[in-house]
Amino acid sequence: MTKETKKIIQVLSQYATCDMSDALVKHQYKLGGSLPNLHRYSANETKTTMVGKAYTVLFAPKDDPREAISGGYIDKLPEDSVLVIGTTLNLQKKDAPFTKMTNALYGGLMSTRANYLRSRGTVVFGRVRDIDEHLELKRDVFSYGLGTAAHGPVVKMVGINVPLEVLVDGYPEPHVETINPGDIIMGDDNGVVRVADSEELSSIMEYIPKRVQADTLVKEDILNGLECTPAQKKRRAEHHLSMVKDTTYYELLQVQTDATELEIKKSYRKLAIRYHPDKNPGNEEAAETFKKISEAYQVLSDKELRSKYDQHGIQEAGAGEMVDPEKFFEDIFGGESFVPYVGELTMLKNLTKELELQSQEEEHTRKKEQVKDDAERAERYYTENPTSVSSNKYLGDSDLNNLTHEEQTKAVEEQRKKELEAEREKLEEEQRIHREEIQKDLTEKLINRLSLYTETDKSQDVIESFKEKFRLEAENLKMESFGLELLHTIGSIYYDKASTFLKAENSFLGIGGWLGTLKEKGGIIKDTYSTISVALDAQKTMEKLAKMNERRERMQKEQEDKEEAPDKATSEQDDDKENVTNSAVNNDTKNNTKEESARENTKSKKDQVEDEGPVPTDEEVAEMEKLLMGTILAAAWKGSHMEISSNLREVVSNVLYDESVPKEKRIERAEALKILGTVFKETKRSQWEAEEARLFEELVAEATQKKTKRK
């Protein structure tokens with residue numbers, strides 16, 4: 001039994017089957033996973049909820065064509081499992097007593113052996129016997145009823161760990177429930193519930209404590225005199241459950257009001273792909289829908305904004321506020337899920353601060369000419385009007401007072417330059433300290449992660465459990481935007497750095513490690529060149545789009561001028577008629593001049609248009625805008641990838657080359673890093689998963705492909 005399964009059992013055993021059914025109903029399982037009509041005939045010592053993974057056994061009539069399985073099933077029962085015994089459908093009934101058999105399928109000796117093997121309990125879709133023995137053993141046993149005779153004379157065992165079909169007379173009509181080996185089975189005095197051990201299980205487990213906490217508070221409110229409905233509305237809104245004030249955003253994202261963060265994110269991605277303007281060119285309705293779902297996601301993906309929205313509606317939720325660009329890029333490149341692995345992405349934040357400094361320098365340059373003019377005017381004034389007050393604006397600086405105008409200007413310029421250099425040095429120092437803090441935090445997190453291997457006996461079971469834990473984690477991480485690329489990057493760095501370290505320890509004079517270091521440096525140089533190349537390509541694309549828009553605007557203006565020309569000509573003709581007797585000759589001359597000038601201008605513009613080619617169409621501009629978005633994202637991805645890789649290399653070096661740690665421990669860390677790196681490197685997406693997750697990745701891929709074609 002894996003550690004993950006033990007954790008599931010530990011968590012779910014704290015809750016009732018009703019709590020699980022509530023969670024399943026909210027996750028669109030209308031029947032709440034209930035397996036009805038089963039009665040708890042015996043309970044564990046503390047009468048807590050029975051939880052375990054299904055280990056199934058199937059019985060069929062003696063005349064069933066399948067061969068009977070000999071050797072029994074009980075000695076193969078896994079630890080922490082729930083034994084689930086069923087029969088073929090032809091032995092079941094849709095109404096009480098729900099089985100055609102009077103013979104019992106399970107008895108006391110089986111419970112004795114099952115308890116010894118540390119099985120969690122037994123569920124029988126039929127009858128059991130030896131009830132006193134089960135009670136004495138304090139074993140959880142659920143069944144349809146009791147019997148006295150053993151099953152041997154009437155049925156045979158035909159399947160172990162196979163799907164079991166259970167006939168249920170439910171509304172609106174009878175149906176068959178299927179229990180698969182490995183399904184999670186829960187049982188208490190309320191009955192038995194089944195839930196598949198699927199991707200949704202983590203979301204379901206996330207929901208249950210929220211619902212229980214909310215209902216506990218509702219109960220307290222009712223006991224204190226509050227009416228039931230207001231209490232439910234208040235408490236469930238606080239815990240992102242039902243009965244929120246407004247459901248507009250939930251409806252836009254097509255999720256329930258108690259949807260988990262993962263459900264909201266998944267739904268948003270599907271809708272964003274469907275309605276993205278790049279996939280619906282010229283479709284204003286799709287563009288408007290995309291805008292609305294983006295606004296809804298902005299609110300519902302933020303815990304604080306979502307809480308305000310649930311309690312007060314759209315007006316109080318901060319709808320329509322500008323999206324934080326830093327958060328936007330963080331969400332695109334892995335989101336919060338990857339922060340424990342790669343840390344905070346600081347590229348955009350640092351770039352913003354650099355641009356602020358650059359803006360200050362440009363503002364200073366712009367004002368320099370104004371200062372120069374002011375100083376010259378002041379100098380002239382004080383020359384013509386002698387006074388004891390200096391023209392220098394730094395009145396307290398006696399050294400400047402005796403300088404000429406040119407010397408004063410130069411001194412002020414030097415002073416300002418020193419101030420800007422000091423600000424830049426301060427910024428660089430702040431960035432360095434922040435980067436070191438990020439790396440220190442990531443180092444501690446990575447050491448803790450690796451301790452799941454290094455602080456154990458490193459048996460094969462431990463290794464498999466270690467792999468499984470991070471395989472499951474990778475299954476969630478890969479669905480983030482650029483998640484697969486990030487996993488492969490993390491995995492490659494973990495694996496390569498660990499391999500280099502181990503080779504250095506095991507090879508003659510550490511030559512194997514030296515070769516690995518050389519390869520790593522080559523990769524860094526390649527990444528740097530690639531980042532610069534993509535950034536330059538984004539700049540070129542931006543310039544092309546600007547020229548296209550400039551040309552379209554110019555042609556539009558020329559067209560407007562052309563349409564206005566007849567009105568101007570009519571006006572001029574009216575003026576000519578009023579003055580025809582006085583200025584006929586002059587008008588003829590003017591008209592001739594205008595015609596010649598117009599012909600020259602037309603010829604010049606025509607030549608210019610022919611040189612530039614045809615005017616870009618709306619579709620061509622839209623395509624260029626899409627390409628620009630892709631190249632900008634590609635540049636941002638390359639920059640972020642470079643930052644992430646740099647931090648990860650430093651972090652792994654901290655973990656492996658800290659000489660205060662014994663070498664044996666560092667070797668164990670390297671072994672764990674290789675295992676973890678392999679898991680991440682080998683993570684893949686299915687075709688369906690790839691379609692769901694690749695919205696921004698496709699834009700980058702298309703931009704990169706078009707760049708390659710242009711070469």
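Each residue, glycine too, has its Cβ placed from N, Cα and C.
No curator has checked TrEMBL annotations; they are predicted automatically.
Together with Gly107, Gly108, Leu109, Met110, the substrate site in TrEMBL holds one more listed residue from Arg66, Arg129, Arg139, which is Arg129.
Confidence for the domain 'J' (248-313), expressed as mean pLDDT, is 80. Between the farthest pair of Cα atoms in the substrate binding residues (Gly107, Gly108, Leu109, Met110, Arg129), the distance is 11 Å.
The substrate site is defined by Gly107, Gly108, Leu109, Met110, Arg129, and by the 8 Å test on Cβ atoms against their centroid, the other residues of the chain that qualify are Ala104, Tyr106, Ser111, Thr112, Val128, Asp130, Glu133, His134. The Cβ of Leu109 (substrate binding site) has 11 other Cβ atoms within 10 Å, all protein chains considered. In sequence order, Arg129, Asp130, Asp132, Glu133, His134, Leu137 constitute the residues six or more apart from Gly108 (substrate binding site) in its chain with CB-CB distances below 8 Å. Note: the domain 'J' (248-313) comprises 50 helix, 0 strand, 16 coil (DSSP; helix = H, G, I, strand = E, B). Secondary structure at Leu109 (substrate binding site), as computed by DSSP, is helix.
Counting only residues at least six positions away in the same chain, the Cβ atoms of Ile74, Leu83, Thr122 sit under 8 Å from the Cβ of Met110 (substrate binding site).
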